[in-house]
Amino acid sequence: MGSVTSKTNDELESFLNKRLGGSMTSSNKTVSVLLGAQWGDEGKGKIIDYLIENHKINVTARCQGGNNAGHTVVANGRKYDFHILPSGIISPTCFNVIGNGVVVNLDAFFSELAHNGILEESGWEKRIMISSEAHLVFGVHSQVDGRQEDSLAAKNKIGTTNRGIGPTYSSKCFRNGIRVADLMADFEEFSEKYRRLVEHYKKQFPSIEVNVDEELAKFKQHREKLAELKLVGDTVGFIHEQRNAGKQVLVEGANGALLDIDFGTYPYVTSSNSTVGGACTGIGVPPTAVGNVIGVVKAYQTRVGTGPFPTELFDSDGEKLQTIGKEVGVTTGRKRRCGWIDLFLLRRSAMINGYTAIALTKLDILDTFPTIKVAVGYKLNGQVLSSPPAQANAWGAIEVEYKEFEGWNEPTVGVRKFEDLPEKCRQYVKFIEDFIKVPIVYIGVGAERESLIVRQQ
């Protein structure tokens with residue numbers, strides 16, 4: 001029996017490099033991932049816009065979700081509302097990818113291009129590609145979404161956007177889903193697949209009404225337009241080529257980490273992986289390609305729809321956050337529920353995603369609050385928890401432990417250096433940073449692109 005040799009880390013790495021024919025540490029980390037770290041609506045669009053303009057981003061890519069998510073970007077003297085389009089579409093130097101992990105509603109795609117004035121720009125079609133492997137959202141999916149939500153008791157409703165996102169992902173897993181590639185291939189075969197899909201759902205929900213011929217005629221027009229503009233392609237291969245050429249890729253996560261299908265407040269979650277793993281599977285890059293992971297965090301907490309929200313406020317402070325913060329959903333138009341920032345959940349979010357930096361947004365909304373609280377721990381039945389409950393019913397019995405801060409009662413809008421923020425404001429930021437052990441690099445103090453403090457590059 002051979003002897004066991006103890007190797008140092010350097011010796012082990014050298015050994016593996018020889019066996020693997022390369023370096024473990026020199027991988028081409030040209031992919032950055034930007035994720036919502038809470039329940040969505042954190043202000044991702046603004047940070048994405050800043051990164052594109054200031055960090056030479058060559059490609060932006062959507063990796064999951066559909067037109068159920070919403071980004072708002074204020075730039076070029078106007079406000080843009082994005083649901084399925086990557087935010088880089090407003091930059092003439094940026095290429096945009098809708099990845100295989102996205103579920104694509106083509107009606108919404110073309111409407112969004114028109115709504116945001118993209119169709120009026122010369123050459124826009126040369127800067128965007130839809131993955132041929134992405135699944136299509138049909139009107140029947142939206143109807144099923146509504147029927148499923150209606151069938152739930154009031155206390156069990158998920159708060160879906162009724163955009164058909166969940167049923168489309170269900171079709172994908174059930175393996176009767178229809179992909180963009182199917183639409184672009186033999187149309188008769190596509191039509192037959194579509195008819196079978198409709199029949200499948202009508203057996204479950206007989207009240208569904210679908211004019212199959214009208215729908216197919218519409219998709220034939222979509223097919224012709226996609227082909228004419230050459231908007232569909234192999235996005236995995238394209239991104240691989242861009243990475244090999246040293247181009248910088250920014251992946252835009254939709255929704256938020258606390259809505260992840262696995263790690264969120266299940267079942268009150270979205271239907272895809274909105275954590276960092278979804279970025280890899282949603283555009284087809286290996287984990288070794290990812291360098292920076294930026295978590296976007298609102299300086300307080302919001303949520304749309306139903307589901308656990310331990311720090312939710314039902315008093316004048318909650319109303320004040322909603323009013324000053326203009327907390328209305330971009331996609332649904334529903335008022336967002338508001339509360340104090342939950343650092344216990346945020347630390348869990350950081351644990352799962354490995355954030356290398358945090359972007360703290362809407363700090364200015366707290367400028368006039370005399371007292372500000374942050375959640376730092378949970379108790380359940382008198383027991384201190386080390387992690388959030390995995391069982392849905394347990395959330396209702398959570399006791400929240402808070403740390404209280406005295407407000408700074410000074411305006412922060414217009415501040416561009418961290419040291420120029422009020423001292424009490426800096427203390428608030430530093431406490432968050434120390435608690436989750438991730439540097440806060442970007443701080444939003446207003447809606448405009450320029451209303452941003454950058455602490456380090």
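The count begins at 1 with the first shown residue.
Glycine too: its Cβ is placed from the backbone N, Cα and C atoms.
Binding of IMP is attributed by Swiss-Prot to D41, E42, G43, K44, N68, A69, G70, H71, T161, R175, N255, T270, and within the candidate set R334, R347, R348, R416 the record adds R334 to that site. Every protein chain considered, the tally of other Cβ atoms within 10 Å of the Cβ of R334 (IMP binding site) stands at 13. The subset of binding-site residues (N68, T161, G333, R334, K335) lying with their Cα within 10 Å of the Cα of G40 (GTP binding site) is empty, i.e. none. The sparsest Cβ neighbourhood within 10 Å, among the listed binding-site residues (G40, G43, G333), is found at G333.
Ranked by CA distance from G70 (Mg(2+) binding site), the recorded positions D41, G43, R336, L363 have D41 at the top as the closest. The shortest Cα-Cα distance from T72 (GTP binding site) to any of the recorded positions (D41, T161, N255, R334, K335) is found for D41.
With respect to N68 (IMP binding site), the closest of these recorded positions in Cα terms is D41, chosen from D41, K46, K335. Non-local neighbourhood of K46 (GTP binding site): T72, V73, V74, T361, G444, A447, R449, L452, each in the same chain, at least six residues away, with C-beta under 8 Å from its C-beta. Here the CA atom of V445 (GTP binding site) lies 22 Å from the CA atom of K335 (substrate binding site).
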